[in-house]
């Protein structure tokens with residue numbers, strides 16, 4: 001009986017540590033999702049809506065898992081078998097959603113180039129007619145130190161009667177000296193690296209969470225068996241067994 005109790009205590013402290021680490025990881029996930037959402041919102045005209053929704057999903061899953069981990073903490077500390085199994089089951093459902101997110105992120109990573117080509121062509125065509133498009137493209141060229149889509153020649157192809165925007169110029173000598181590189185490459189690297197971070201980060205988190213789920217199931221099963229043994233022995237099950245008295249006789253003075 002005592003060996004079973006010691007084994008449960010070891011599993012209990014292990015899963016408490018893992019659950020605490022899960023809470024920390026989920027808080028990091030929420031922060032990363034918020035930062036990525038802010039970055040993507042800056043370049044919203046160049047990004048499809050499902051890229052922005054991926055950051056929303058990342059934040060929402062992180063918030064749900066923080067509260068779920070707190071629920072798991074309570075079940076583990078009070079050694080409630082039902083709460084522990086509910087924690088493992090709900091955690092498993094959320095992990096399935098995260099696997100879907102990771103798969104979607106890998107799929108989005110593979111179509112970043114085609115998305116940017118399509119979006120940039122639309123924005124550069126409406127550059128002089130739409131104020132928001134103009135501000136977005138100028139911001140991108142200033143931040144990325146680039147000009148046009150593939151090169152500054154794109155401006156002559158789309159708007160042959162217009163001069164280069166000021167955001168294209170590295171510096172002025174007698175005329176505008178444009179940045180030689182286009183914006184497609186740096187934007188592809190910028191967005192692709194963030195999407196790849198979502199995909200790979202989610203996979204790493206899922207692996208860690210699966211360990212938490214397996215540990216919770218093992219503890220729930222061990223704890224359920226231990227409580228059945230206590231009932232069979234006529235003892236009252238509880239999270240802490242009563243300590244044996246150190247002294248059996250009163251001290252004599």
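Every residue gets a Cβ built from N, Cα and C, even glycine.
According to TrEMBL, the feature transmembrane segment maps to 12-36 (among others).
The feature transmembrane segment is assigned by TrEMBL to 56-78 (among others). Tertiary neighbourhood of the transmembrane segment (56-78): same-chain residues 12, 15-16, 19-20, 22-23, 26-27, 29-30, 32-34, 36-37, 84, 86-87, 90-91, 94, 97-98, 101, 198, 202, 209, 216, 219, 239, selected by CB-CB distance under 8 Å and a gap of 6+ residues from either end.
What TrEMBL records for 85-109 (among others) is transmembrane segment.
Listed in sequence order, the residues of the same chain lying 6 or more apart from residue 183 (disulfide bond) and placing their CB within less than 8 Å of its CB are 120, 140, 141, 144, 146, 147, 148, 149. Marked as disulfide bond by TrEMBL: 146-183 (among others).
The annotation disulfide bond is assigned in TrEMBL to 147-169 (among others).
Listed by sequence, the residues of this chain that lie at least six past the ends of the transmembrane segment (195-221) yet keep a Cβ under 8 A from its Cβ atoms are 8, 11-12, 14-15, 18-19, 21-22, 25, 29, 32, 36, 51, 54-55, 58, 65, 72, 76, 81, 84-85, 87-88, 91-92, 94-95, 98-99, 101-102, 105-106, 108-109, 112. Marked as transmembrane segment by TrEMBL: 195-221 (among others).
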Any same-chain residues 6+ apart from residue 169 (disulfide bond) with CB under 8 Å of its CB? Would you list them in sequence order, or say none? 176, 177, 178, 179
Enter the number of other CB atoms within 10 angstroms of the CB of residue 147 (disulfide bond). 25
I'd like the Cβ neighbour count for residue 146 (disulfide bond), meaning other Cβ atoms within 10 Å of its Cβ, all protein chains included. 24
